[in-house]
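Remarks on the structure that follows.
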Amino acid sequence: MKKFITGILSFFILDLYFNVTTHFINFNIFIQLISILLFFPLASFIAKLNGLQGLRGIGMVREKWPKYFTASFLIGFGCWAFMYVTYHIAGKFEINGVKTGLEAWWIIGQIIVGFFLGSLINDLVTRGFLISILKGKIPPLAIATISILVYALDDFWNGDLSILNFVFSVVLGFSLTYAFFKTGSIWASTGIHFGLNMAYGLIFGLSGQYGDGIFLMTKGNIHSFLNTTILLMAAALMFVIVFLYYRDKKRVISI
């Protein structure tokens, strides 16, 4: 029981640290970046405190990471790019041009660094650490369910506070959790997460606002039902692809 309580408290510490550094230390981009990077030694220390092998013990492994990360990135980016093309055809937004020069490179640099670190840390907390401290204590299906729900609640809290967003996050969580469960590598999950976030960032930037990505665009009109259908279908399609790709993969480490 003591180990279980320590693990749960450790999870809340990591989750709180990440949310504080991303939402409240935003007055200086360099101080915020340093604060976010300090998450990794903190996570390593807390993982060891819970009897795990540091960052490796929560899924940050070297074995096959380029393969898993690249494949997952292509899946995530590809599905979300397809979704945004569909949205464009449906009239959700109109693209009028592309930003160039230093402005475009600055936006790309921001979304690469911001979304990569955000995706990786979120995966380490809601999947890598949470699943690792629960393994052996409850059935695997229950562990996966808890991980998906925790991710969905975290995404719900940080995003649009609506039932739709929660349902969407649950569906998305299936892909992220399945990829990690099948491989034991956080890179399989983070590749998907980073890929879809990159597609999102190219359109909306880090702020999530129209025109803050690399495209010059104007907001259009789309029926809410069609908007929801496209969103959920993209998430469901991605899970099918993730399932087909990872179903026969063997774990690089046990989880």
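Even glycines carry a Cβ here, placed using N, Cα and C.
Features reported for this protein in TrEMBL:
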| type | residues | note |
| --- | --- | --- |
| TRANSMEM | 28-47 | transmembrane segment |
| TRANSMEM | 68-85 | transmembrane segment |
| TRANSMEM | 105-126 | transmembrane segment |
| TRANSMEM | 138-157 | transmembrane segment |
| TRANSMEM | 163-181 | transmembrane segment |
| TRANSMEM | 186-205 | transmembrane segment |
| DOMAIN | 208-255 | domain 'Cyclic nucleotide-binding' |
| TRANSMEM | 225-246 | transmembrane segment |
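Pairs of Cβ atoms less than 8 Å apart link the transmembrane segment (68-85) most often to 225-246, out of 28-47, 105-126, 138-157, 163-181, 225-246. Sequence-remote contacts of a segment are chain residues at least 6 beyond its ends whose Cβ falls under 8 Å from one of its Cβ atoms, and for the transmembrane segment (225-246) they are 71-72, 75-76, 79-80, 82-83, 86-87, 90, 92, 164, 167-168, 171-172, 174-175, 178-179, 182-183, 188, 192, 196. Mean per-residue pLDDT, taken over the domain 'Cyclic nucleotide-binding' (208-255), amounts to 88. Within its own chain, the transmembrane segment (163-181) has Cβ neighbours under 8 Å at 59, 68, 72, 123, 127-128, 131, 140, 144, 147-149, 151-153, 155-156, 188-189, 191-193, 228, 231-232, 235-236, 238-239, 242-243, 246, 255, counting only residues six or more beyond its boundaries. Taking H, G and I as helix, E and B as strand and the rest as coil, DSSP gives the domain 'Cyclic nucleotide-binding' (208-255) the counts 23 helix, 5 strand, 20 coil.
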